[in-house]
Amino acid sequence: MFRVVQCQPLRLITQNYLSSISLKLMLSRPVAFAQLWKSWLSSHSLVGNKNIILMGPPGAGKTTIGRIVGQKLDCPVIDIDDDVLETTWNMSVSEKLQDVGNEQFLEEEGKALLKFSASGSVISLTGSNPMHVAGMQHMKKSGIVVYLDVPTAVIMSRLKSMKVDRIVGQSSGVSLKDILQFRKQFYKRWYDIRVLCGGDIAAEVAAEKVLDAVKRYQNSELETFISTRSSRSGRTNEKDSSKYFSDVVTEGLAPDGGLFVPERGLPKFTAGEWQGLIEATYIERAQVILERCIHPGDIPASKLAEIIGAAYGENFTCSKIAPVRHLAGNQFLLELFHGPTASFKDFALQMVPHVFAYCIPRSCNYLVLVATSGDTGSAVLDGFSRLHDTDKQRIAVMNFFPEDGVSPIQKSQMIGCQKENAWSVGVKSDFDFCQTAIKQIFTNSDYTGFLTVEYGTALAAANSINWARLLPQIVYHASAYLDLVHQDIIPFGSPVDVCIPTGNFGNILAALYAKMMGIPVRKCICASNENNVLTDFIRTGVYDLRGRKLIPTFSPAVDILKSSNLERYLHLIANGDGQLVTQLYNQLENQGHQDLVAGWCSEEDCLAAIHSVYTTTGYILDTHTAVAKVVADRLQDRTCPIIISSTAHYSKFAPAILRALRIAEINQNPLSQLHLLSSYSPLPPVHWGLLETLKKKGNEDHQVCAADMSMLMSHIETLIQNHFM
């Protein structure tokens with residue numbers, strides 16, 4: 001038996017909410033009822049006979065929010081505490097808890113859930129319901145579980161105002177904060193949708209967010225992808241032409257040769273939502289941000305949590321994953337080299353292989369092709385080699401790199417990272433040839449069709465042309481800003497600049513995307529080495545490769561002339577309609593600034609920066625970070641903090657680092673070079689993962705081929721035959 005709560009007038013509900021948890025709610029902005037009704041009714045039609053099940057800690061506002069949602073949907077509202085438990089037990093919940101104790105209470109509460117059934121209702125769970133597995137499995141079958149995610153500090157404040165100092169499951173000697181933190185694992189296990197509810201959010205605003213989230217959950221067509229080369233007039237409205245996240249992960253490159261981008265742009269977070277993540281761990285921030293970027297129809301929240309945990313749980317040497325370190329003055333380093341292969345590429349490539357394995361159909365084998373200018377190779381080989389054995393049998397990766405265009409340690413690392421489903425091929429050319437060749441292979445429908453028909457194998461991309469590569473990079477740019485706020489360097493809302501060594505434009509594009517999503521980034525500074533085509537383009541609007549030859553430098557990861565992800569930026573600022581140059585220079589004329597600026601660094605200045613920073617701080621920059629440091633020194637105006645992306649560990653570029661430190665005799669053996677660096681007791685220490693890889697690399701063999709398309713395709717075919725046949 002349970003009783004259905006009759007919906008009360010909205011004003012009365014709000015008054016009850018205010019009095020029950022004694023909070024001042026932000027009610028200054030009137031709710032646009034017509035718009036809300038449209039949203040509510042649309043959501044109701046999508047929900048059908050399913051229940052909307054609200055879950056969260058005590059004090060999250062489940063009961064009040066549930067009543068508002070029920071009123072606007074004109075459907076029954078059920079509060080498990082009042083309408084199920086107390087009716088079943090004929091006593092109050094507090095009396096029952098006192099009567100039977102914590103453990104027995106949870107068991108009897110779960111049994112009551114198992115006997116309960118409803119449809120087409122809004123149901124508010126108790127704070128402890130999610131701790132009973134069988135009861136929650138029963139509830140989850142009946143509807144959509146919505147997690148009202150309220151920061152622990154806010155919940156503590158609310159419970160204090162309600163004079164609640166103990167909750168179910170809290171034993172003697174355990175603080176209220178500890179039990180709230182303990183419960184989070186159960187909430188995270190069961191929810192389908194997360195709704196962020198900051199401390200000052202009004203109940204009706206929270207209800208609107210719940211219904212918007214339900215609508216999104218039920219309608220994946222709201223989150224489709226298009227090619228950067230598609231025009232608005234040429235887009236079709238046919239449902240069959242839609243591309244979803246799973247499609248773009250699998251396909252990599254659009255059929256017309258363009259890159260996939262979200263048709264409706266990226267989600268935007270409110271200031272309150274960002275502030276709710278200030279106390280969160282890196283993994284928690286990643287979960288929240290990526291849930292909003294990846295539709296649950298493509299990857300459910302529970303699976304996404306599993307993937308994020310596998311990517312960042314044990315594979316990074318620093319518990320903070322991407323720590324922010326003060327360098328000097330107003331400059332801060334975002335250390336992105338604590339992953340297994342010592343570069344920022346690990347953030348995407350520890351995660352993307354698991355995303356890929358989940359999204360692809362089981363009926364086909366996949367060969368992932370990747371071109372690298374240095375760091376991507378070892379990262380992609382390591383990432384895909386960590387897949388489950390069953391996935392490795394149907395997914396292999398082939399890495400093409402310029403045979404003479406990477407550092408000796410990078411080359412040794414790529415060879416050492418080869419596994420049973422992961423191979424490296426050196427190409428007698430530069431990175432631009434490797435990248436262009438892969439693009440041409442993907443758009444050669446005769447060749448890809450032949451591989452599918454003849455060998456049952458499809459090709460996929462793991463370069464930053466794949467949309468899934470960019471999303472984890474957005475996370476660390478957002479996290480860096482939140483860390484500065486958490487460290488009391490700045491209050492939330494104050495701007496920062498970011499400076500990023502840039503070659504293929506993916507990393508800096510992710511920073512621009514983070515800005516679009518609500519992170520207060522003022523300027524993104526693009527730092528180039530002597531291959532400064534991007535600097536010229538950003539300064540002049542002219543991208544001219546005529547007569548330019550690639551210059552090998554100490555920072556090979558940005559030795560790139562053709563920046564693939566620049567196409568996504570052009571599409572972004574052109575608003576999909578080709579108004580690029582007009583918009584860019586109108587902004588410069590009308591506002592006196594651009595949010596993207598650029599500079600470049602010579603080889604001499606790069607080495608001098610490494611020496612100077614080490615002499616003054618004891619910290620060793622890698623060559624790419626040194627490029628960014630030089631450009632930041634020149635272009636920052638020192639009115640706000642600047643976050644410099646430290647994209648790789650200096651250990652990967654030992655010869656250049658030893659030269660910068662003015663060490664005369666340099667042994668050519670990569671392992672000896674690292675031991676020499678280690679003898680200087682540097683900050684940070686020599687990268688452990690790199691040392692281990694070089695120690696055990698063993699066989700130096702790898703394939704080498706000429707800069708010829710037919711030769712590359714022959715290597716691909718041979719690999720497919722050897723691995724899949």
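Note that Cβ sites are derived from N, Cα and C of the backbone, with glycine treated the same way.
Automatic prediction, not curation, is the source of TrEMBL annotations.
Since the structure is predicted, the reported quantities are computational estimates derived from the model, not experimental observations.
If you check TrEMBL, you get these features:
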DOMAIN    236-312  domain 'Threonine synthase N-terminal'
MOD_RES   Lys345  N6-(pyridoxal phosphate)lysine
In the domain 'Threonine synthase N-terminal' (236-312), how many residues does DSSP assign to helix, to strand and to coil? 39 helix, 6 strand, 32 coil
Around the Cβ of Lys345 (N6-(pyridoxal phosphate)lysine), other Cβ atoms found within 10 Å total 31
Here the mean pLDDT of the domain 'Threonine synthase N-terminal' (236-312) is 91
